[in-house]
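Inspection log for the structure reproduced underneath, given as structure tokens.
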Amino acid sequence: MDIDSGSSSNSNTVVEETWSTLAGLTNPAMLPKNALLGFSVQDPRLHHPPRTIKLPKADADQHKLLELIASWPVDAAQQPLELFDRKARQAASKAVNRRKGLAPPGQYPGPSPRDPQIPILLYTTTSTSTDRRGTGTPSPNSGSWTLLAPWKCLQPIWYSLMYYPLSTGQQPRFGGLDQYRQLSFEAGKAWFPGDFPGTKAGWEWEYAERRKREAEWRKRPKGKRVNYEKVEVGEGGRGEVGVGWGCDWERLISGPPVLSEGKEAVVVVENGGESGQKPPGNGDTRTQEKEQEPPQQAPPKPPHLTQLPARQALALLASPPTTTTIKLPAYIDLPSALITVRLTLLTRGVPQPCARIYRLSSSTANPELRRQWLALLPTNTHKPTQKRGAKHALPCNLPITGDALPQHVVQQRLARALLEPARAGKEGYPPCPGEEDLVGFVTTGSYDLAAGFGTGNGNLLVERVMGREEGRLCVVRNSGTEVARLARWEVV
């Protein structure tokens with residue numbers, strides 16, 4: 001972006017010179033925290049397409065840049081920002097084509113006092129995410145610029161940014177909300193509003209995503225879509241907990257609904273189409289499904305459902321639940337306060353959105369189930385690479401015992417069966433905890449290519465995980481499935 005030097009005042013000269021000197025800066029994280037630059041730029045349509053500038057490479061220029069970062073004279077010279085002035089934002093720009101026609105061929109028109117000024121605001125942001133080894137140190141290249149400009153001027157500025165060639169020879173790539181969400185997920189950060197359902201925007205986002213997943217579920221034939229009524233959850237339980245295609249926060253806070261006989265009959269009629277039974281009456285099933293579609297507008301958020309900041313959540317988790325003296329704001333109700341966490345699966349599996357998060361059963365309620373899940377905890381976080389078997393190795397489907405097998409093979413098979421943990425879906429694998437141990441849902445989940453295992457973001461009820469002695473271990477089960485996975489969570 002070129003500075004509008006022909007119409008800038010002397011008060012902003014220091015700010016504009018500072019921006020020009022930052023041409024050799026490669027990482028905005030080197031600047032002071034919350035660095036802010038406010039000045040006016042030329043209309044980018046006067047010099048489109050943009051051209052590359054020569055970056056300073058001399059040692060004197062680098063030394064000057066370091067001195068500028070250390071002194072940072074912008075804080076003392078920054079004037080009131082014109083971006084927040086209504087008249088400055090609505091300046092006319094009708095003579096752009098005429099100004100470009102008066103310029104010589106191959107050159108840009110020079111600055112003129114009549115050119116409209118575009119007030120902008122630049123500020124730096126530094127990521128607070130930790131590295132993947134969990135050492136708590138920030139990522140080295142985590143700084144970025146954020147640009148604020150008048151709404152009518154964003155399109156020409158955006159076109160110029162997209163046409164500007166990068167040092168790699170390529171051009172910037174276009175990205176929207178989905179791409180920004182994926183970048184935040186890969187960086188180990190929570191994304192607003194999707195990962196904050198305790199806020200109004202997060203609640204509306206979750207409801208919109210719930211409607212999309214429900215529409216996709218209804219499009220499939222009944223024989224090829226998940227039957228949430230027949231999913232085995234917990235020990236002998238049948239039927240998905242809450243709404244299968246969404247994060248049922250109402251069910252999590254209020255618990256299982258207590259229905260009367262009349263309401264139970266309505267539930268049977270609604271679920272009859274899913275289980276293959278024809279509902280009573282002469283109406284068509286498709287007509288009844290259309291009647292069951294949720295409204296377009298999101299219902300009001302539960303009044304007590306709130307989002308707890310990470311700092312207060314860490315303070316609550318560090319103190320014993322019985323002797324805590326932490327004062328919370330009046331609008332936060334602790335039994336329904338949510339905390340955003342980062343999930344890491346310790347074995348296999350990939351968490352998906354709407355997955356259910358359970359805490360380990362207590363040592364008094366179900367000690368055997370708790371022991372089975374703790375037995376799956378790996379001793380080392382980095383599993384060694386599996387070596388290929390010998391070329392003439394014995395088949396893997398041989399029985400463990402038998403007269404035809406050598407004695408040393410039988411002993412190896414028995415030792416392997418005792419040392420290796422039970423596989424998911426096989427005999428001996430622990431079942432999922434019950435609904436009384438449900439603590440939250442996964443809002444974002446996928447396979448992390450950089451880490452090499454499944455990760456995700458979710459939200460937990462902070463009161464249900466306070467004072468747990470298992471080191472923040474949890475059990476994650478994808479919606480509509482029976483197999484659960486052991487995971488570890490941390491506050492983000």
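Each Cβ is built from the backbone N, Cα and C atoms, and glycine gets one as well.
DSSP places the residues of the compositional bias 'Pro residues' (106-116) in helix, strand and coil in these numbers: 0 helix, 0 strand, 11 coil. Taken from TrEMBL, the feature compositional bias 'Pro residues' covers 106-116.
Residues or ranges marked as domain 'POPLD' in TrEMBL: 144-249. Assigned with DSSP, the residues of the domain 'POPLD' (144-249) fall into helix, strand and coil as follows: 47 helix, 9 strand, 50 coil.
The domain 'POP1 C-terminal' annotation in TrEMBL covers 337-491.
If you look up TrEMBL, you'll see 94-117 (among others) marked as region 'Disordered'.
Look at TrEMBL and you will find 271-306 (among others) tagged as region 'Disordered'.
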Looking only at the domain 'POP1 C-terminal' (337-491), what is the model's average confidence as pLDDT? 81
